[in-house]
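The following features are taken from Swiss-Prot:
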| type | residues | note |
| --- | --- | --- |
| BINDING | Cys47, His69, Glu70, Cys163 | Zn(2+) 1 binding site |
| BINDING | Thr49, Thr167, 188-193, 211-216, Thr251, Gly275, 298-300 | NADP(+) binding site |
| BINDING | Cys100, Cys103, Cys106, Cys114 | Zn(2+) 2 binding site |
Amino acid sequence: MGSLASERKVVGWAARDATGHLAPYTYTLRSTGPEDVVVKVLYCGICHTDIHQAKNHLGASKYPMVPGHEVVGEVVEVGPEVTKYGVGDVVGVGVIVGCCRECKPCKANVEQYCNKKIWSYNDVYTDGRPTQGGFASTMVVDQKFVMKIPAGLAPEQAAPLLCAGVTVYSPLKAFGLTTPGLRGAILGLGGVGHMGVKVAKAMGHHVTVISSSSKKRAEAMDHLGADAYLVSSDAAAMAAAADSLDYIIDTVPVHHPLEPYLALLKLDGKHVLLGVIGEPLSFVSPMVMLGRKAITGSFIGSIDETAEVLQFCVDKGLTSQIEVVKMGYVNEALDRLERNDVRYRFVVDVAGSNVEEVAADAPSN
């Protein structure tokens, strides 16, 4: 086992204000503990939430902030009480790096619903030090919140599964929507949505992609394997699809109407919200009453579910569709993501970007 230094200086790319612009930043990692692992970051996916946080869309951002919560790296040191991992293991770190371990969600192993969870960035750890994410050379993480990347899964492919992949896998499992033959829809074809198509198809579902235009039809059906494509602005097609779906996985991260989609659900159908939306959504109650339909939500997934989806993707031969970029391109990547100009997930090659070298003259804390 490697020995742990109490503190260490590392380099990340941080936003310093609500412009969301990232630049090199040198900071001190939190003190390490006996159950901590030190992870050299190899790759980190870019999620739409990174934009929300970096630009303070949710009104709770603290700066400087190093984003990134789809982290894949190599264990380089372990604490004396670490039992799950060893030096050289390739591991993943997701959205959460701490929880209370005492509440009902924690005891049920769905720690993502713990009211005292600690986010992997833009939060404060138990020692009072800010948490910083995976757009950095190194992270220190408690072993409970680390997952081993299975053999057969490339690290850059694994990164989006730590958020986008488990975000669609978790509600399908939690709401009993894993039975082959179900008819489901994925609303929105971005980073989360494209994994939704792949995961649902691998479960044996008939999958419809719903989008606002026809421009993604060929991608959805020819490349991702969707069974049908529905344009939400096509009133005739929407009417023809009424009462046809067991579920809708709604990945749209901006305000949108719900009523057109509720009409597509069968009796007892579920509309599952996954997008982080800061404005109220509205519907009239008969839309759910006259069909015993449910509007519900789901938030990422547990550590156990994340490990499950990683293995599920290996077993089913699933990969995420990614564009790998260097850290120096991260601001352009964030801009493109905000314009929905990516198919379908950016992944930053952190280890290959020499972030330590480019930060020689960077400001520090």
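Just so it is clear, glycine is given a Cβ too, placed from its N, Cα and C backbone atoms.
Mapped onto this structure are the features recorded in Swiss-Prot.
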{"residue": "Cys47", "record": "Zn(2+) 1 binding site", "Cβ contacts under 8 Å, 6 or more apart": "His69, Glu70, Cys163, Ala164, Gly191"}
{"residue": "Thr49", "record": "NADP(+) binding site", "Cβ contacts under 8 Å, 6 or more apart": "His69, Cys163, Val276"}
{"residue": "Cys100", "record": "Zn(2+) 2 binding site", "Cβ contacts under 8 Å, 6 or more apart": "Cys106, Cys114, Asn115, Lys116, Lys117"}
{"residue": "Cys103", "record": "Zn(2+) 2 binding site", "Cβ contacts under 8 Å, 6 or more apart": "Cys114, Asn115, Lys116"}
{"residue": "Leu189", "record": "NADP(+) binding site", "Cβ contacts under 8 Å, 6 or more apart": "Val197, Val209, Ser211, Lys216, Glu219, Ala220, Leu224, Tyr344"}
{"residue": "Val192", "record": "NADP(+) binding site", "Cβ contacts under 8 Å, 6 or more apart": "Cys163, Ala164, Thr167, Val168, Thr251, Leu274"}
{"residue": "Lys215", "record": "NADP(+) binding site", "Cβ contacts under 8 Å, 6 or more apart": "none"}
{"residue": "Gly275", "record": "NADP(+) binding site", "Cβ contacts under 8 Å, 6 or more apart": "Gly188, Asp250, Thr251, Val252, Pro253, Val254"}
- Task: Specify all same-chain residues, apart from the site residues Cys100, Cys103, Cys106, Cys114, whose Cβ lies within 8 angstroms of the center of the Cβ atoms of the Zn(2+) 2 site, ordered by sequence.
- Result: Cys99, Arg101, Glu102, Lys104, Pro105, Lys107, Glu111, Asn115, Lys116, Lys117
- In the three-state DSSP scheme, Lys215 (NADP(+) binding site) belongs to coil
- Item | Residues that sit under 8 angstroms from Ser212 (NADP(+) binding site) by C-beta distance, when 6+ apart in the chain | Val231, Ser232, Ser233
- Query: Given the binding-site residues Cys114, Ile300, and counting only Cβ atoms in the protein chains shown, which has the most within 10 Å of its Cβ?
  - Reply: Ile300
- Query: What other residues of this chain sit with their CB within 8 A of the center of the CB atoms of Cys47, His69, Glu70, Cys163, the recorded Zn(2+) 1 site?
  - Reply: Cys44, Gly45, Ile46, Thr49, Asp50, Gly68, Val71, Gly94, Val95, Ala159, Pro160, Leu162, Ala164
- Task: Select one residue from Cys106, Cys163: among these binding-site residues, choose the one with the most other Cβ atoms within 10 Å of its Cβ.
- Result: Cys163
